[in-house]
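Novice: There's a structure below that I have some questions on.
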């Protein structure tokens with residue numbers, strides 16, 4: 001089977017699929033790339049994998065942001081007395097290592113393999129090698145991605161949890177409303193005088209279930225969109241470049 005790389009950044013094509021000679025379709029199997037562009041390594045992410053990927057972004061973002069901000073702050077503030085230099089060196093290694101882990105996470109969970117940046121570390125001395133690491137654009141783009149992972153993780157986690165919890169909760173309302181206090185759900189609250197709508201029977205819960213189906217449909221579309229956006233971000237900040 002002939003495989004094709006993804007289109008360049010900015011293309012209108014779906015970053016989760018590639019084109020074949022007979023039309024647009026996902027590519028099967030594990031693919032390699034020599035063009036420096038990401039390729040699909042399967043049918044594209046399943047819905048469960050997409051949701052898990054987006055939810056996992058928040059804890060990973062918290063860890064990455066906290067670790068890097070701490071290392072950089074301590075390193076810069078103590079660099080004048082040379083103590084900060086090994087701390088900053090550790091920060092560079094952490095950035096490059098976490099960037100590599102994120103490329104593997106995108107490949108493993110979303111089925112999109114991002115090529116490794118070209119290794120330009122060719123210095124003969126330790127000082128030359130560290131200088132090259134600092135001057136390497138992939139170090140700074142990986143740092144940008146890892147710092148963005150925290151605020152993006154908050155947004156993705158909040159949107160995904162809200163939509164899916166609301167939709168699935170509404171769909172299953174005919175089952176669980178009877179286990180609530182008084183055997184009924186009151187909207188918007190249980191306080192007297194604020195019970196505008198009450199669900200206390202199976203048939204009165206059906207409209208809520210129908211609304212839940214619509215919310216889940218929206219959740220699916222939004223989840224796919226968030227994943228595509230995250231792939232685009234990773235492609236631009238973590239992937240190697242042609243001719244780099």
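Here the Cβ of each residue, glycine as well, is placed from N, Cα and C on the backbone.
What TrEMBL says about a protein is an automatic prediction, not a curated fact.
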Novice: Pick from 79-99, 100-120: which range does TrEMBL record as transmembrane segment?
Specialist: 79-99
Novice: For the transmembrane segment entry in TrEMBL, name the matching range from 7-40, 143-176.
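Specialist: It is 143-176 that TrEMBL annotates as transmembrane segment.
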Novice: Most CB pairs under 8 Å with the transmembrane segment (79-99): which of 47-73, 143-176, 205-227?
Specialist: 47-73
